[in-house]
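K.L.:
If you scroll down you'll find the structure; I have some questions about it.
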């Protein structure tokens, strides 16, 4: 019983209108078919009266045929109007649905805007940016400290490499001679004296090889 008193929605009203329009269209088509049938009968009657020479009957039947054809033409006009109304109803239904969707979207946006505090959102973004900058600065400081720690040993190794390269360029293989030098464990002259002697001899040998007395 509750469904009987339920308020009709827009869709329900449009569906009823479409059903009525379709019923009207079918009725118009039936009427046109009946008129076409009468038209053929009148044409046959006119031909029959013409054969027997009954001019008066031909004239009366011809007037009836003219009126009938006018009525048939009207059915086409009405049918076209009904089709137009059906199309217009569908367009209106589509527009109303779009309007409903837009209304729902507007309400959703309004609710979101009420929940969202622009000032609070801006503050949150600023805090994020500030903390991100702190993190980047901390990371940079840690990297600089690590570079300072490891760069010291690298500098020492690099300095030793430069010294060896210079000695190699003037023909002194100090590393090789150092390997052949007597160790401090043996009862021989001190390491500093051996190094100096080896270095002098090596220099003299290199000079002689170059042809310098």
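Just so it is clear, glycine is given a Cβ too, placed from its N, Cα and C backbone atoms.
Below are the features I grabbed from Swiss-Prot:
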type: MOD_RES; residues: 2; note: N-acetylalanine
type: COILED; residues: 25-55; note: coiled coil
type: REGION; residues: 179-199; note: region 'Disordered'
type: COMPBIAS; residues: 179-194; note: compositional bias 'Low complexity'
type: MOD_RES; residues: 199; note: phosphoserine
type: MOTIF; residues: 201-211; note: motif 'MIT-interacting motif'
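Each of the listed features needs to be described in terms of its position in the shown structure.
P.N.:
Taken together, the residues of the coiled coil (25-55) have an average pLDDT of 91.
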K.L.:
Near the coiled coil (25-55), which residues from the same chain, at least 6 beyond its ends, have a CB less than 8 A from one of its CBs?
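P.N.:
Contacts with the coiled coil (25-55): 61-62, 64-65, 68-69, 71-72, 75-76, 78-79, 82-83, 86.
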